[in-house]
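Okay, structure first, notes after.
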C-alpha cells in the first residue's frame, strides 16, 4: 500500500509548569474517640493538586483534644505514612519517623521527608513527583496506646487517553496493557481519573483496562453501538476480568511534559523509519500517543494531516470537526 503521509509527528514534551501545591478543597478530617481526651490527627486539606516532576506537601497535624499541645511528653511520637491501595486491605509503606530515626520505602526513598514546621507537624513532603504517586495517603500518629489517622488524596494534573495497539482493538491483557501505557510515557488510569475525564467530555465506545483490574468505558452521548440510545451517559462497567486471558484496550494517564509538540513538514513521503530519523535529525524525537492526545486535549491542537507516532500508528488531532478531517 502506498503511503499518503506527508508529515512527521514529533515531540520532546510540551506542558507548561504549574504550581506545585494548590488545593481546590479545604476540609478537616477529625476522628472523635470516647473515654476522655484523645490524640487527634487532622488533615486541613483533604485533596492536594500537583503535577509530575513537582514537589508537594501532604498536610497532617496532631493534637490532644481540648489542648493545643503536640503531645503529652510521656511517650515518643511515631509518625507513619502509607499509601492506600484500591482494595483498601493492603497498604504500601511510604515513610516512618520516630525521634531522630527516619526511614523511607521503595520508590519514595530519597524523595520524602517530614516538613516539621512545628512540634505537632507530621506533614509529608514528596519531591520529584512521579505518575505512580497519584492516590490516597494515610497519615498515622501513634503515642503510647493512643493513635489516630487522617487521609489525604494526591491528584495529578494530566490527561486520560484511550489506547489500543496498531494491530487493532481488544488485543491487550492486563499486563500487556500496563506495559503499553509505560511505553507511551504513562500509567494505567484509575477509575477516579477516568471518571474525571468523562466529566470533562471524554466519550469512547471501546472498553479498556483500568489500574484496579476492572474494564470500563466512558459515554457522554448514548448510541446504539455503545449500549443503546436509551441508556444514560456515564462510565460503563464491564466488571473484573481474567488479567491473563481477557483482552481489551486500556485507558492511560499522563501528566506534565517539559518540551513542545509540533509537526515536522517534509517535502517527500516518509516511511516510519525515515520519520524517526527525521525527528532525530531535527533535534527531537517522534511523539508518543499520550503526547498527541495531551496536545489535543490540553492545548487545543488541531491538524488535519496525519503523521507517524512512536508506536507505529498514524493519527492526527482534530479540535474543530470539519469535512475531510474525519474517517466518516
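Every residue, even glycine, has its Cβ placed from backbone N, Cα and C.
Bear in mind that the values here come from a model prediction, so they are computed numbers and not experimental data.
Per TrEMBL, the features are as follows:
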DISULFID  205-226  disulfide bond
DISULFID  304-325  disulfide bond
DOMAIN    37-153  domain 'Ig-like'
DOMAIN    159-254  domain 'Link'
DOMAIN    259-328  domain 'Link'
SIGNAL    1-15  signal peptide
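A map of TrEMBL features onto the structure.
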residue	record	Cβ neighbours (10 Å)
205	disulfide bond	15
226	disulfide bond	18
304	disulfide bond	13
325	disulfide bond	13
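According to DSSP, the secondary structure content of the domain 'Link' (159-254) in residues is 22 helix, 30 strand, 44 coil.
Helix, strand and coil content of the domain 'Link' (259-328), in residues and according to DSSP, is 21 helix, 10 strand, 39 coil. For the pair residue 325 (disulfide bond) and residue 205 (disulfide bond), the Cα-Cα distance reads 20 Å. When the Cα atoms are compared, residue 304 (disulfide bond) and residue 226 (disulfide bond) turn out to be 26 Å apart.
Residue counts for the domain 'Ig-like' (37-153) under DSSP, helix first, then strand, then coil, are 6 helix, 59 strand, 52 coil.
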